[in-house]
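Some notes on the structure that comes next.
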Amino acid sequence: MSEHDMQNTNPPLPPLPPEITQLLSGLDAAQWAWLSGYAWAKAGNGASAGLPALQTALPAAEPFSVTVLSASQTGNAKSVADKAADSLEAAGIQVSRAELKDYKAKNIAGERRLLLVTSTQGEGEPPKEAVVLHKLLNGKKAPKLDKLQFAVLGLGDSSYPNFCQAGKDFDRRFEELGAKRLLERVDADLDFTASANAWTDNIAALLKEEAAKNRATPAPQTTPPAGLQTAPDGRYCKAAPFPAALLANQKITARQSDKDVRHIEIDLSGSDLHYLPGDALGVWFDNDPALVREILDLLGIDPATEIQAGGKMMPVARALSSHFELTQNTPAFVKGYAAFAHYEELDKIIADNAVLQDFVQNTPIVDVLHRFPASLTAEQFIRLLRPLAPRLYSISSAQAEVGDEVHLTVGVVRFEHEGRARTGGASGFLADRLEEDGTVRVFVERNDGFRLPEDSRKPIVMIGSGTGVAPFRAFVQQRAAENAEGKNWLIFGNPHFARDFLYQTEWQQFAKDGFLHRYDFAWSRDQEEKIYVQDKIREQAEGLWQWLQEGAHIYVCGDAAKMAKDVEAALLDVIIGAGHLDEEGAEEYLDMLREEKRYQRDVY
């Protein structure tokens, strides 16, 4: 409602009679307080007496409201934030919720109560949609937040060194800028449901109590905010995956390649599952039976020993196969195991966090048992393990092209540790143990932060290395199916042209058909001097800048630890060199692209 509308809602009030004015002038503070309450109550019933309601006569107290923000790579943070917001609204609290990609960072200065749920990507970095706020809070123009109360829930994976680092960074910076915690930060691991539910329950109880103390009547928000969509995937989800059939498993790297990359095709017929280019497919898997046997043999545990898992009793061999994480080590496992395996060397490892992190990254769980033998019961061992979690793979097909199928591009994890061959959990399941027509449990994980432009006439630049090319196959398939006018440019890198050119014939056909307008390939090991995608970006600086001036959207997919950082540095060099901006101006330009959703990353 405009100011003009507010002024004309009711007829003007007549002036008070002189005798009333004289009487009021003699009231003390206590009498004024009583009279204001009496008048307000009467005003609430004024309309029934034919009197105008005093809608603007008294200043309204500030409503008790909470802002709930989420920053997510795959959607988990958003789902938790939405649940927290729903809980608060059910308690009668006014809630404003948003994903950080849709939130104006400068608005943070005006917030009074804030809940933030954030994941972490790469080497402890915030998700791409949180970068603008992260930079603001850590920059020279960071606002004072002394009027803000906040709580942070971090989502992460404790097998990585910088566990929940983005949540830790936001939590610390809020406090440094003067904000006060509503609750201590919670760092939730892959199996985050219990931690997230407890955090949501605690914050809802606390804020409900605070709202009751507040004189303003909470105004529940009953209409979902704009942009909030119902998941299109029907009843199949992470908790209830669809039992799909494997259609194809084809190795697409050459026999001589050091990489084993598979093109996987899965049948979704009958599932009513829908996905968009940029989405991921969640894959549930069983651990390798040989790995389960090796672990039980090392511990001296009878495979038939009954334990409780998944809410029911079952043999420990079955539990380890289907319910517990065996291929990703964690600091928590090593510390817990050290309490049973009394070795001075192991004690030294857990005493130094940097050494522990390096040990975890390079030593599988089974090889911890080999190196430091110990005797544990089945119950003692499983208490050290995390629940098994699905793996997410970027979808490499467009449903407009393949219908009820979904395609994946899977890099199979294979390595040796102290002479023993090891294989990744999900990638080994898909490549080695899942037979054609065999069943694999899947679900669609939306990724709204990695989407083609709504305007299909806009040009796109796709930058990826290795299996990071997967979503770009889906992008170009989609544009070809739509006969889109927008130009497509692929910048792709891998070690060798002859061994590692993923989907070579398809890219050639797309180019021939007019749907791949420009392409640059970086083969890092085909010459003495290594060439990477970032080198191609710098080499094509003028052309890339021209595409940006034409409104191009840039997409980056691949390794977060090295490749994504090097690509961003190269993009900044392009903006500085071809765009004639200084370093600060280039950073601001890249931030502008982020805010306009013209610079999107899917890194892991």
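Glycine is treated like the rest: Cβ placed from N, Cα and C.
The candidate list ASP559, ASP566, ASP573 contains one residue that Swiss-Prot assigns to the NADP(+) site with SER524, ARG525, LYS530, ILE531, TYR532, VAL533, GLN534, namely ASP566. The FAD site recorded in Swiss-Prot includes GLN361, ARG391, LEU392, TYR393, SER394, THR409, VAL410, GLY411, GLY424, GLY425, ALA426, SER427, TYR604, and the single candidate from THR327, THR330, THR377, THR439 that the record places there is THR327.
Classification of GLN534 (NADP(+) binding site) by DSSP places it within a helix. Packing around ASP157 (FMN binding site) is summarised by its Cβ count: 17 other Cβ atoms lie within 10 angstroms of its Cβ, all protein chains included. A gap of 25 Å separates the Cα atoms of LYS530 (NADP(+) binding site) and THR409 (FAD binding site). Put simply, of the binding-site residues GLY122, THR327, GLY411, SER427, the one whose Cα is nearest the Cα of ASP566 (NADP(+) binding site) is GLY122.
In the three-state DSSP assignment, the secondary structure recorded for SER427 (FAD binding site) is helix.
Of all the Cβ atoms in the protein chains shown, 21 others lie within 10 Å of the Cβ of GLY425 (FAD binding site). In this entry, NADP(+) is bound by SER524, ARG525, LYS530, ILE531, TYR532, VAL533, GLN534, ASP566, whose most widely separated C-alpha atoms sit 18 angstrom apart. Here ARG391 (FAD binding site) is compared against the binding-site residues SER119, ILE531, GLN534, and the shortest C-alpha distance is to SER119.
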